[in-house]
Amino acid sequence: MALRWFSLFLGLIALQGYLAFSPLPEENWDEEWATFAQTMSDPAYRLPNSTTPSRYEVTLSPYLTTVPASVQNASPFTFDGTVAITIRATQQNVNEIVLHCNDLTISSLTVSLASTPATNIAVNQAYQCQMPWSFLRIPLTTTLQINQDYIISSTFKGILQTNMRGFYRSWYIDQSGQRRWMATTQFQPGHARQAFPCYDEPGFKAFFDITIVRESDFSPTLGNMPIRSNATLSDGRISETFYTTTLTSTYLLAFIVSHYTVVASGTDPLRPFYIYARNNVVDEGDWSLEIGEKLLVAMENYTGYPYYTMANNIIMQQAAIPDFSAGAMENWGLLTYREALILYDPLKSNHFYKQRVANIVSHEVAHMWFGNLVTCAWWDNLWLNEGFARYYQYYLTARVAPDLGYETRFIVEQLHVSLLSDSVDSAHALTNPAVNDPTSVSAHFSQITYGKGACVLRMTQHLLSDSTYEKALRNYIRQNAFDVAEPDDLFTALDGAAAEDNALTDYGSITVRDYIRTWSEQGGHPLLTVAVDHDTGRMTVTQRRFNVNTGVSEIPSVWLIPLTWTRAGAVDFDNLKPSQIMSAEPIIIERVTRGREWVIFNKQQSGFYRVNYDTVTWSLITQALRDNSRRNQIHEYNRAQIVDDVFIMARAGLLSYTRAFNILSFLEFEDQYAPWIAAIAGFNFSRRRLAHNATLLAELESNIHTLSRAVTARLGFSERPNESYMDGLLRMYVNTFLCNIGHAECVEAGRTNFANWRQNNAYIPPNMRPWVYCTGLRYGTAEDFTFFWTQYLQEDLASEQVVMLTAAGCTRDQNSLGIFLNAITAGSNDYTIRDQDYSTALNSALTSNEENTLVAFEWLQQNFQRTAAALGSINSPLSTITSRLLNEQQITEVSNWLQVNQALIGQSAYNSGMNGINSARNNIQWYNRRVSEYQSYFETGYVDDLLEDSTTSSTSTTTQAPTTVPTTPPDGNGASRIQPILLFLVPLGCLCKYIML
């Protein structure tokens, strides 16, 4: 139960962060990791390397609906098992074997030489899983001999878990309306030990021979490999033995006992590819099959390592799991997914889910090479698995489905989100050998590991060139296949290819290892400050570590930064090969031209850093962005970069909001995807901060209505025939945002479409449903909610269920919101909302309307015991509610209740509530400090700074001239080579509290 509330808490945080840039909730990929942290504590939790396995023989007999009369001490939702592990000692005088087990009852255990199996050298005693370490310690009567095979043999019993971890049970309704139980697995990173005793760390690779004994009326069991043989046992159960796996880690094993059927299959018998799901799935697996086969070929071509040669009899299977804590899992040969992320119905699933299915299938397919074939040795280097998979889920999918806009969406979905995650002093490094304690393990399964890892790899690819980078990765895979890897193995491959292709000759003696370690071994990222002397054309560039609280960090940090830039007189956003690598600050770059001319650094935002400019240069950029004939000369990704950088630098105090909104005024003329998704994120932060002042919030929202004129004029409020995929996706996001802030045309369209749906059963196109559902409920009645909720209860497509749960909290009817909250807290015996969707539903209920905060608090006061029983704790809803309080009157009311009920709700919940109140007060303080900047802009509107400034040169206060002036290289841009310059400080700006809601 504790896992449920902790998972819920983390899910709410992730959803709130994601909702800053997308109206639809992101399934929380990182949540799965944080809940595992408590099993992976300090170094005492690591297995010794004194023995190592080479082969397992595992037999498991799960009992789902019936237990044979011949089986004693078993009940439904348990399993019996046996395991025989072949091991060797790796050092002398080993007198104890240590491996993992958790929540298993060991019935018997022996250790013997393989050559003399009848002689047991394990101490004769009762064996138990030692908690909290999850160790199975086996003392020996004699020491192990080097270069000899030993067999650990054990029989045991286990429980089919209910928390979507280890070997666990799930359920679904089949085509006959019958509830079906199933058993499935989720072992990453340390839950194979709940299925059988094992060496449950990624570095202990072995071969596995797995047998599953199932009930006779179930479908054939699914596993990593195809079934090699089967037999009917005397009790009528079916024993199915799979082909031997490839050399693999325990976390990549999987098996599914169910009534599943094949819902889509490939056509090439030499390349077996199947999609499995419940039998009432019709053609919802077709898209994942189509895109999956293309992605598999793309990865084979890219890596030069064919998938179907990785093991004899290897297969590609993908299964849709109804209850799944992770978004998806890369089990070798049996990839598992939440239903919403593999089943797609073009008549009911919106564009988000079309690209998301392809996106996640690509991520898991990429893992077959980056993670499975070559595995990180320990979780401190998880980015070697996840950074690659996150990048290629965009980069390679863009190759096979270019119309889905993956390269564009990478900018706003990964780069911008990762920069924000990485913008506090506590941000962890990609590589950290100290990842053993729960906090650091949890942190490494984060947006930084996944997203920043992907961004650094993308930056490196642009530095080296596509061909050199691809060559390096092929070498890396070939040299480390079926083994574990450290970052140095990757660096060696990258430097080898770079040397062979002379890819770094323009950058002096810098190596890839030198460069990439500055990005992988320290947290955070740089802020570049560019001050242009427009009289001389000299550009002074400095770097400091960015901090969203204070503007710049006090932590001394220097990166090797690949620089790209372009200027108005010679616009070139396409050449992404860096002109130089910045290694010290400040440096001077010769623009070559004189006079006022905009410059923009970080072309197509290919580098992982932010950029600030002097006042005149910002004004020149603003003028260009506001000019219809010049705006599109600036690449869409750089327009999105400017939006994101300006919003975040204003939040941090490096720019005033008066200045920021002056720059962002160009959005009135902007109608493209990336800038507007970046704008939604920034506006949502400002809306939340101005919620303390209804009048000022209304002014902000009125300003946004004005700024959205171009994008709404182009897209409108209904689907258009033959429009591009990206336009349909953008309309869905923009209209969800605009309806949320009361845009009159959007609200009218939403209410009309909802009414037609309810009254006339009119079809609502999937891309319109998120904002139509929400708007219809927000401006509707209790009867509207009743109709809507009835439709939800009848829906069986998981992606549509999530869309509806996201919209349900939009109701302003108090009784309807109570019905929704009751459903969320109904407990495990109610199947209205699955556990995996609690965070989505609760976030919707608590945050969809400002008034929901106090309504939900009133409900929680009457139902805190029910909530604690269902969710394990009231910490998450209480923390969210209290952090959203808007004034001292609300804070006093809630604080008094917390004080009076402290003993009843418990100290942990009380602390969560008080911490939320501290966040609310910090929000109020932030508002009080910054509100005048908003007021100033709303009073004046856009002001052309250059008309007021008669000077020619810049007026920067952030830099001073360095003592050394670089020479100009023949690089076509007039960019100078790097020179070592003395460090100097950039002013901090105002101190602003980092609060991410």
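The backbone N, Cα and C atoms fix where each Cβ goes, glycine too.
Here's what TrEMBL has on this protein:
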type	residues	note
SIGNAL	1-20	signal peptide
DOMAIN	53-252	domain 'Aminopeptidase N-like N-terminal'
BINDING	His363, His367, Glu386	Zn(2+) binding site
ACT_SITE	Glu364	active site, proton acceptor
SITE	Tyr450	site 'Transition state stabilizer'
DOMAIN	598-901	domain 'ERAP1-like C-terminal'
COMPBIAS	950-966	compositional bias 'Low complexity'
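The structure, with features from TrEMBL marked on it.
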residue	record	contacts (Cβ under 8 Å, 6+ apart)
His363	Zn(2+) binding site	Ala328, Glu330, Ala389, Arg390, Tyr392, Gln393
Glu364	active site, proton acceptor	Gln318, Ala328, Met329, Glu330, Leu335, Tyr337, Ala389
His367	Zn(2+) binding site	Glu330, Asn385, Ala389
Glu386	Zn(2+) binding site	Gly371, Thr449, Tyr450, Gly453
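Around Tyr450 (site 'Transition state stabilizer'), taking its Cβ as the centre, 28 other Cβ atoms fall within 10 Å, counting all chains. The Zn(2+) site, placed at the center of the C-beta atoms of His363, His367, Glu386, has further neighbours from the same chain whose C-beta lies within 8 angstroms: Glu330, Glu364, Ala366, Phe370, Gly371, Asn385, Phe388, Ala389, Arg390, Gln393, Tyr450.
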